[in-house]
Amino acid sequence: MDVQAASLIGAGLAAIGAGMAAIGVGNVFGSFLESALRNPAAADGQQGRLFIGFAAAELLGLLSFLIAILLYLKAA
Amino acid sequence: MADQGKVDPMHQFEVQKMFDMFHVGNHEVAFTTSAMWMVIAGLLLWVFMIGGMKRQLVPGRWQVAVEGFTGFISGMMNANIGPEGRKYTPYVFSLFMFILMLNVLGLMPIGLFGAHPFTVTSHFTITGVLAILSFAIVLIVGFWRHGLHFFSLFVPHGTPIWLMWLIPVIELVSFLVRPFSLALRLFVAMTAGHVLMKVFASFIIDGLAASPAIGIGVGIPAMALMVGISGLELLVAGIQAYVFALLTSLYLNDAINLH
């Protein structure tokens, strides 16, 4: 296998990480909504924490996207 | 590499020189499209703020819009830092508004009129400088207020003594990674969204170039998706600006109140 093909396969594999981060982000918002519906009075006070969790989960997905795009541009 | 389409989704991120300014050593300092869009964002922000700072007793729509933004940021600073945070509200507010304006300006469909929107925040140099600015302020405030006691940030309360060799190292690494994560998040989120939009746009163009039937069959769903993604991108533009400001305020909180 030449390096170019390996880079493209690696880019595709790295893109899986973006999908995994989608699960993570969905988890963050889903759990928030679930507990916000149980106790709507406390929901507004937790919005900052919601976005911190979102930012942390999203960053990891964006990193895998970055790896994918670096590999893709290297092969292109 | 497989056949590259006619549309290069990365071309939009190229910084073009508009005119020369001066040289620093061998480095050319030119006025670029990036600089132009930053100036435009600054001017628009200035107009926006001036228009809303009339301090009328019964605020008009414009003043309500400006007060909504200022109230949002000062509320966030108050919730995260407390009364000590008031001093730093102007910085976080400027940061938030500047990033928000650059993100939204990059999404404007002014390509219809022949102008080319350019997303300044899709460049790591720009977001990196903004992140280093925030990080530097955190360091300066931390050392200025607490002196060498600032290093106690790396030892959280209740750390067992037998973990003292590990926890400070982890805390130090997570502290040093902050500017990178702050800059990377904004830069990659904006880049990814714009690449996605250009890829969908290239579906329409390449489809039409292939044949009218394919153009209509592929173009209409792609166009519908693009409209939806544009809305999503507007949301991301707001969220990323908010997250940048929120994390800056949290890091400032670490520097001001320690743990």
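Residue numbering: from 1, along the chain as shown.
A Cβ is built for glycine as well, from the same backbone N, Cα and C atoms used for every other residue.
As a whole-number mean, the pLDDT of the domain 'V-ATPase proteolipid subunit C-like' (A:9-71) in this prediction is 91. Feature annotation from TrEMBL assigns domain 'V-ATPase proteolipid subunit C-like' to A:9-71.
In the three-state DSSP scheme, A:E58 (site 'Reversibly protonated during proton transport') is classed as helix. Under the heading site 'Reversibly protonated during proton transport', TrEMBL lists A:E58.
Packing against the transmembrane segment (A:6-29) from elsewhere in the chain are residues 50, 53-54, 57-58, 60-65, 67-69, 71-72, 74-75: each is 6 or more residues past its ends and has a CB under 8 Å from a CB in it. Look at TrEMBL and you will find A:6-29 (among others) tagged as transmembrane segment.
Positions annotated as transmembrane segment by TrEMBL: A:50-73 (among others).
Residues near A:E58 (site 'Reversibly protonated during proton transport') in space but far in sequence (CB under 8 A, at least 6 apart, same chain), listed by position: A:A21, A:G24, A:V25.
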